[in-house]
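A quick write-up on the structure given underneath.
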Amino acid sequence: MGSNNSRRSPNMDSDEDTDQPNPANSELPGIVAYLIRSGQIRFVTSDNDESEGDSDIESVGPPRPPARETSPDVSSIDSNHIKEKVLRESGRWTSNKKSRLTIPTLAHLMQRREIGMDARHHFTKGDQCLVNSRFLPNRYEKLASYHHKVFCGTYSQSGDIFLSACQDQHVRIYDTKQGNFELMKTIRARDVGWSVLDVAFSPDSNYMIYSSWSDCIHLCNIHGDHDVHESLVLSPGEHSFCIFSLMFSCDNREIIGGANDGCLYIYDRESNQRTLKIDAHDDDVNCVSFADNSSQILYSGGDDGLCKVWDRRTLREDSPAPVGVMAGHVDGITYIDTKGDARYFVSNSKDQTIKLWDNRMFSPKEGVEATKKAVSSQRWDYRWQQVPRNLNRKKSVSGDTSVMTYRGHCVLHTLIRARFSPAFTTGQRYIYSGCATGSVVVYDLLTGKVVKNLDGGHRSCVRDVSWHPYENNIISSSWDGTVGKWGYFDYWAHEAEEGEEKLGEDLEEEDDGRFSYRTRRQTAFKRSDRSRCKDEKNGCFNKLYD
């Protein structure tokens, strides 16, 4: 949580916009939250001895647009191996230092391929990523609309299935093969307090798990003639309990979760019991992630502002010692995503930054203590209040070993997620995040600058984002109750040429079901002529790409 004062108060012990239900009146926290965010009520205090850091805290109004950083500090990332790695994977590496960050045109790439200058006569994986970078998502399409907040939305590893979890206590499974988005199954969640807070696929995508304010996590099948819906008891104790983040191990034998009691929980699927409870953080554990698909290294992040690296093979309840600790944030961690190479990962934080980490560069003890001190000095609550203006000022914590820091998005109300872009289509050259303002923010990993701010699609906080692993689209899940897809649309190709005028009455339906405005000249074309032109265009296209 954002405020130390609210972390352990009896009625405000949750980390998800009062995720913990009040037995006396479960609707009251949600009503109060709505009234505060809409500006219909405000807090008035008679305290006159506020510290300088608290004087700019606001408790009402919609989120302020985040300030973009015009000149990010790239000194650390320039000297790190990840720069060469990402340049190579995204097709931008050359032996000539002067041209490493050049952007060749598509025509130039085609010319080099056709005349055999690269001696390959085909596009490399890097070339394909370079071409895809010219067509980043830029247009919104609403896919689904609910009457409650959407908390989670994620693609499977193959991209053929999409999971969506909503506050209406339903988990919806969509078939996304070949660009479709068709509902294939709806699961009524059990034992839900406030909302389903996290979902995860099994490695084979045949099962999914979800968590909420409950002593259990729940396992459900995705395919099959018979429904499976099992409760996996974690036996945490008598206190109110919630798993904020969970995932399967790469061998599908274990499930790991991070909880509000500061512990990591390991559940063994073969023995059907909790096998480990690790005292991991001084506060809520908001996120967990394995380093890659084969190793035993895993990461955790908590409200103590620290990211910790663990080795599953050495985890012991009587000696819960991490391999190392990453310090540098000045507020709680909301999400961790790994690059998948067992070396780099990113963390999103309530201090309004994303940080890139190299797990070989641990923070010294002085850095850990500096982060704990900075987090404990925070006197605002991100669930209800505006971001303090002094939090947006550039300041570093002693012992900060992060490789890069990204600023330009807003983290309020909930555990907003940030991820690496896919390796197949982008070479992981981007980091993208949800935003409390209702947008999706895309950063360049190497420069730290915002390359896309996808706004205008949602009216409220975007909590989760998921980039298709093999297609160039992003699905965003928002608290306005909608799930939307951001895809690429060539606006320039649809602009009227000089002397042409766009007419609203010339609205026609395309073959794919979309509508577009026709110009006078375009409308005058006979349908057969347009079809012939289209065939000629496709023929030229095939000659270039065969």
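The count begins at 1 with the first shown residue.
Heads up, the Cβ atoms here are built off N, Cα and C, so glycines get one too.
Just so you know, TrEMBL annotations are computer predictions that nobody has curated.
What TrEMBL records for 1-12 is compositional bias 'Polar residues'.
What TrEMBL lists as compositional bias 'Acidic residues' is 47-57.
Here TrEMBL flags 1-31 (among others) as region 'Disordered'.
Summarising the annotation, TrEMBL assigns region 'Disordered' to 43-79 (among others).
TrEMBL lists 278-311 (among others) with the feature repeat 'WD'. Beyond the repeat 'WD' (278-311), the same-chain residues lying 6 or more positions past its ends with a Cβ under 8 Å from any Cβ of the stretch are 1, 7, 15, 203, 244-247, 249-250, 256-266, 317, 320, 322-327, 329-338, 340-343, 345, 347, 349, 351, 357, 359, 362, 368, 371-372, 374-375, 415.
Distant neighbours of the repeat 'WD' (326-358): 1-2, 15, 66, 77, 80, 82, 245, 283-284, 286-295, 297, 299-309, 367-368, 370-371, 374-375, 378, 382, 387, 391-392, 395-397, 399-407, 409-411, 415-420, 423, 428, 431, 433, 443, 445; these residues of the same chain sit at least 6 beyond its ends, with a Cβ under 8 Å from one of its Cβ atoms. According to TrEMBL, the repeat 'WD' annotation covers 326-358 (among others).
According to TrEMBL, the feature repeat 'WD' maps to 455-486 (among others). Tertiary neighbourhood of the repeat 'WD' (455-486): same-chain residues 63, 132, 135-155, 157-159, 162, 164, 166, 176, 179, 181, 412-419, 421-422, 424-425, 432-440, selected by CB-CB distance under 8 Å and a gap of 6+ residues from either end.
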Query raised in the report: So what's the mean pLDDT when you look at the repeat 'WD' (455-486)?
Result: 97
Query raised in the report: What is the number of residues in the repeat 'WD' (455-486) that are helix, strand and coil, as DSSP sees it?
Result: 0 helix, 16 strand, 16 coil
**Report entry** the repeat 'WD' (278-311) - residue tally per DSSP class, helix then strand then coil
**Finding:** 0 helix, 19 strand, 15 coil
